[in-house]
Amino acid sequence: MSVGAAGGRPLPAVFQHGFRPFFLGGALWAAGALALWMAALHGTGAPASALPPLVWHGHAMVYGFGLAIVAGFLLTAVPNWTATGPLRGAPLAGLAGLWLLGRAVMTLGGGLPVAVVAATDMAFGLVLLGWVARVIVGTGNWRNLPVLAALGVLVAGNAVVHVQTLGMAPLAGAGNRLGIAAIALLATLIGGRIVPAFTRNWLRQTGRGGPYPAEPDDLDRLGLVTAAAALAAWVGLGAHPLTAVLAGCAAVLTAVRLARWRGWRAHTEPLLWVLHLGYAWLPVGFGLIALHAAGAVPATAALHALTAGLMGTLMLAMMTRVPRGHTGRPLRADAVTAALYGLVIASGLLRVVAGMSPALAPGLMGLSAAAWIAAFGGYALSHAPMLLTARAE
């Protein structure tokens, strides 16, 4: 228990800040949902879902895991951006309950009316979007309207999945792909701010001096616009020549942006180098999208570069950094945390290679899944004390 809530009642530590329930719940879900998927692939179990198994797997990773971590980050960052109070206590507990209820109906609700399942699952994202919109628009924080727009696309992607399930439109896998694109866009927007800023601050604080990461300029803005266009083409056009051109340009510009942030200068601090390696999945993902559009690699390679690679690595990076910064702990990664980074990076690499090596795919997928489950299960075990106890003083 910790700081009092309204009326002097004690406030559980887990509901003091948005990152606490969603980072812990998201990690447990990331490990558990993938374990269930692997069991389904091997014929030893399957989710009792209204969704086809492959669609369920994508939805579980994007809208179960991914949206939970986005929520934890935004519920923490938006109050800082806008100088407003955080969502905490009973409202935060209620929002976490909506997320948990969504996971339950999506996994066990195969016998329920699909409209009920859709409404229950979508409630969490809609409430989160409403809260973020109210705070950002209400405070005139126009700089972060692109973040709000990307969150809106993410929530809309979930709606597309359910519209498909209801049989209202033949949208194939567009809903999950739209969600992946929205998360990649959020990584481009927010990662483009925090990765160079955190690196610059660390170099100054540790007395290492310049040269520092480049300040934002027209090249960064061009990179953002090109990335957004490439993601839109990937979702809307699929394997099309325009997709190949835009994604190829986005790969080059994103790689140049990353190089200008001088990540090699932070190679001794895992909390920083993992951010740079996580962001590096963006140019890899765009490059693979371009190659797929040109007929050179399977679609699954690009898709898993943006999910197992980008989502997994960058999200774990923030899940380990944010709690340290907001619970009064030193911004340093211990050996266990560094090992978690190695596991999630290995998981992404193995899954991408599996997509390009059909003969080796079963074994590589198993190794990738084991590394993923170990990374996020290990996170839940090692970081639960930070997330469930009061701020260290």
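Just so you know, glycine gets a Cβ as well, placed from its N, Cα and C.
Per TrEMBL, the features are:
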- 21-40: transmembrane segment (TRANSMEM)
- 60-78: transmembrane segment (TRANSMEM)
- 90-106: transmembrane segment (TRANSMEM)
- 112-133: transmembrane segment (TRANSMEM)
- 145-166: transmembrane segment (TRANSMEM)
- 178-198: transmembrane segment (TRANSMEM)
- 271-295: transmembrane segment (TRANSMEM)
- 301-319: transmembrane segment (TRANSMEM)
- 331-353: transmembrane segment (TRANSMEM)
- 359-381: transmembrane segment (TRANSMEM)
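Of the candidate ranges 112-133, 178-198, 301-319, 359-381, 301-319 contributes the most Cβ pairs within a distance under 8 Å of the transmembrane segment (271-295).
Counting C-beta pairs under 8 angstroms (sequence separation of 6 or more), the transmembrane segment (359-381) reaches the transmembrane segment (21-40) with 3 or more such pairs. Listed by sequence, the residues of this chain that lie at least six past the ends of the transmembrane segment (21-40) yet keep a Cβ under 8 A from its Cβ atoms are 14-15, 46-47, 53, 56-57, 60-61, 64-65, 68-69, 71-72, 75, 92-93, 96, 99-100, 103, 107, 315, 319, 322-323, 366, 369, 372-373, 376-377, 379-380, 383-384, 387-388.
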